[in-house]
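What follows is one structure encoded as structure tokens, with my remarks underneath.
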Amino acid sequence: MNHQIHIHDSDIAFPCAPGQSVLDAALQAGIELPYSCRKGSCGNCASTLLDGNIASFNGMAVRNELCASEQVLLCGCTAASDIRIHPSSFRRLDPEARKRFTAKVYSNTLAAPDVSLLRLRLPVGKRAKFEAGQYLLIHLDDGESRSYSMANPPHESDGITLHVRHVPGGRFSTIVQQLKSGDTLDIELPFGSIALKPDDARPLICVAGGTGFAPIKSVLDDLAKRKVQRDITLIWGARNPSGLYLPSAIDKWRKVWPQFRYIAAITDLGDMPADAHAGRVDDALRTHFGNLHDHVVHCCGSPALVQSVRTAASDMGLLAQDFHADVFATGPTGHH
């Protein structure tokens, strides 16, 4: 039988079916809660459980080390009774906001030896409405789907740009290397919760690993379009310089924000530019910053990268609510 999920201090309630995660039930009901990886890694969907009982969803952990004692991961649990939750935020979704399109490949080039820069065009007269930092689903012929962040800003709405890393054996990684101009893809968007507030004037530190740069590019291009004046630092990590594949974007932001700061973090010490940081992105954060109490950190990358940056930022005084993560996980339900 279905159980009811009640959101604390609101009139919102929605059903959770047997075998359905609380997060999926909320999204199905048109209620957006914070989330990213949907695999129990990022901790974004952690919510206080006030009343009721939960059970594991598909064998996933209902808590991880990022959860406070009374918190549960909404992606990893299902309702075993009626429950009441207190998420960090929530909002009603516009039922007309999410659209499914047949998009055409406009161009497909290599931005790096293992990264495809895939540009898609929408049908004539159609526009992709999304917010900076959100992602889309690519529906594959076998019924599976893969998620990728939009790298273009929302005002460039006649098409979509994706940065696709080639994962050995990856389902879409194999497909993308064969795509040519005129081929079509079945896409659906937008997905993902929005954490950054455009009117927040505090210093912003963006940390990316590899193609975690894609959503950050969308965010920074959007801030530039809005003429937001803010102290912004980008720490972008890769094994070698070829992984930092879009220097033109860095050059543009330096012109928009004279105070813009860029730190390249390279882990392959045998191929090190003179001005790069030798080491991981969390090392770069600790080296180049002091107290982060009045900062905002937006981090995009693998679960391990996000966790290492979260730990470093917390050690440096960043408040938990000022750390925003977009976790890239592989597989059918992971966000790439």
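Each Cβ is built from the backbone N, Cα and C atoms, and glycine gets one as well.
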>> Need one residue: from C16, C67, C75, the one Swiss-Prot lists with C37, C42, C45 for [2Fe-2S] cluster.
In response: C75
>> Around the [2Fe-2S] cluster site formed by C37, C42, C45, C75, list the extra residues of the same chain whose Cβ is within 8 Å of the site's Cβ centroid.
In response: L23, Y35, S36, R38, K39, G40, S41, G43, N44, L73, L74, G76, V327
> Per DSSP, what is the residue tally for the domain '2Fe-2S ferredoxin-type' (3-91) in helix, strand and coil?
Replying inline: 7 helix, 31 strand, 51 coil
> When you measure from the Cβ of C45 ([2Fe-2S] cluster binding site), which residues in the chain that are at least 6 apart have a Cβ under 8 Å away?
Replying inline: L23, L33, P34, Y35, S36, R38, L73, L74, C75, P87
> Taking the Cβ of C42 ([2Fe-2S] cluster binding site) as centre, how many other Cβ atoms lie within 10 Å?
Replying inline: 27
>> Around the C-beta of C37 ([2Fe-2S] cluster binding site), how many further C-beta atoms are within 10 angstroms, looking at every protein chain?
In response: 23
